[in-house]
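Reading through the structure tokens given below for one structure.
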Amino acid sequence: MKQDAEALLSPPGATPGRGGGRFALVAGLLALTFAWVVGWYWGTAAEIAGIWWRSDTFAHGLAVLPLFAWLVWRKRAALAGLAPHPAAAMLPVLALGGLGWLAGETVSAAVLSHFSLALVLVAGFVTVCGWRIARVLLFPLLFLFFGVPAGEFLLPVLMRHTADFTVFALRATGVPVYQEGLHFVIPNGRWSVVEACSGLRYLVASLMVGALYAYLNYVSLKRRLLFMLVALLVPIVANWLRAYITVRIGYHFGSEFVAGFIHIVYGWVFFGIVIVLMFWIGSGWREEAPTPAAGVVEAGQVSSRRGWVVAVAAALAALFPLLAGTLQGEVEGRAATLQAPPELGDWVLVTDGAFDYRPSFKGQRGELLQFYRRGDGVEVGLYAAFFADQRKGEELVMHGNTLEGIEAGGWHRGRLSGETLPVGKVRKSVLIRGGERLTQWGWYWVNGRVGDNGYVTKALLAFDRLAGRRDDSAAVLVLVPAASPEADAAARDFIGTYGDDIDAMLRKAGEGR
């Protein structure tokens, strides 16, 4: 009777008595690996969990771990027949994840730290359990990466395309529109596409749910990939339609009607209807999974000859947090002095500029705001924020520090573009306040290297820190109180004239500390 009960309770395809034990062993190894990794990387893990809890965009992350556990449970029959055999070949991947995490922590690149922690976790699972178990759990393990709160780099692109489609659709349906960047005006009101309108929250949620739906309902890789493509495109187009319908309702009933709570609730209801429709269409492609053949429990015990692999994996996982403690020791942040470049050519120094816009950066060791006037009366502002001994909250590239201009004091961003000048790649942005226009040209400077990409700048800072070099860096902005070809020509002339002097000023600021 006892044997019959064991057979009834064991997963299908498992040998009574041993198969269930094997699944329990695998589950235990997964839990121990999770506890070991999260214990060593607790600060990053807590940071990720905090983002899940606070951010509407990444709230789907709260479901990732419970869904992972459920997906593993669904595979208990297949796992019951497999014994763990540690995989030494995954140790380099584990080390790569740890190194990526260390680099991310060194320069406070949160996305890199978060993604690398997920890689350490997955690589640790595969290293400890082995390839055969990893093949069975391939999707659940990859599913863990949906917990990484990433994607904010897509915000500018999503916002721009949402604004462009909305304006196009309004004009196509007879509504007169004047557009300037992310802002546009219709006869009865002004509208702006802000971050909440980008559709990023819908996109990341759709990708996660779409991947899960495709895995559970399709067998062929082709159908799964096709549905994932649908899950990628549908929320983007749906968000465009949502934005257009929102403005169209505001056009007929007034912007107050769709403001605030109704705006957000309508967005989620619309998105929910679209996702349900997507799943309903996808159900027509559904494939029945083949009935698994009866499995045979592998003979023998867990390989003890590879116990060294588990020991090395545990040591590797712990190594990088220990190294981080030595690299991130307390550093006294000393102030830096920036001396304005002298008068050159037709440009002379003036005490104040003809515009009241002031850039705003946080965490810098020193800053400079100086105005220059050319012989023909054109004025240009030069702003530089110098960073060194960077740590969290005192970084060149972080939230709030941007080359694209701050939206404060009535100013908001218009057109964005890039250009290559003699100093290097430069970001150009137009700021708008009523009828006023201001053009801002900006670039990052990292130990003499110039660029306009925040991610590349973060990478350069990480390489310098890991190589033992100083992290001297700066944001440089050139401001012209107009948006016209003449203003652009003046900015190019100033940057061409003062490019070398600005570089010398920043190098001297670093050496003077």
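Using N, Cα and C of the backbone, Cβ positions are placed for all residues, glycine too.
Feature list (source: TrEMBL):
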- 21-42: transmembrane segment (TRANSMEM)
- 57-73: transmembrane segment (TRANSMEM)
- 85-103: transmembrane segment (TRANSMEM)
- 109-129: transmembrane segment (TRANSMEM)
- 136-158: transmembrane segment (TRANSMEM)
- 200-218: transmembrane segment (TRANSMEM)
- 225-245: transmembrane segment (TRANSMEM)
- 257-281: transmembrane segment (TRANSMEM)
- 308-327: transmembrane segment (TRANSMEM)
- 310-497: domain 'Methanolan biosynthesis EpsI' (DOMAIN)
Mean of pLDDT values spanning the domain 'Methanolan biosynthesis EpsI' (310-497): 86
Close approaches to the transmembrane segment (85-103) from elsewhere in its chain (Cβ under 8 angstroms; 6 or more beyond its ends): 41, 44, 109, 112-113, 115-120, 123-124, 126-132, 134, 302-303, 306-307, 309-310, 312-313, 316-317, 319-320, 323-324, 327, 462, 466
Interface-richest range of 21-42, 109-129, 136-158, 200-218, 225-245 toward the transmembrane segment (57-73), CB pairs under 8 Å: 136-158
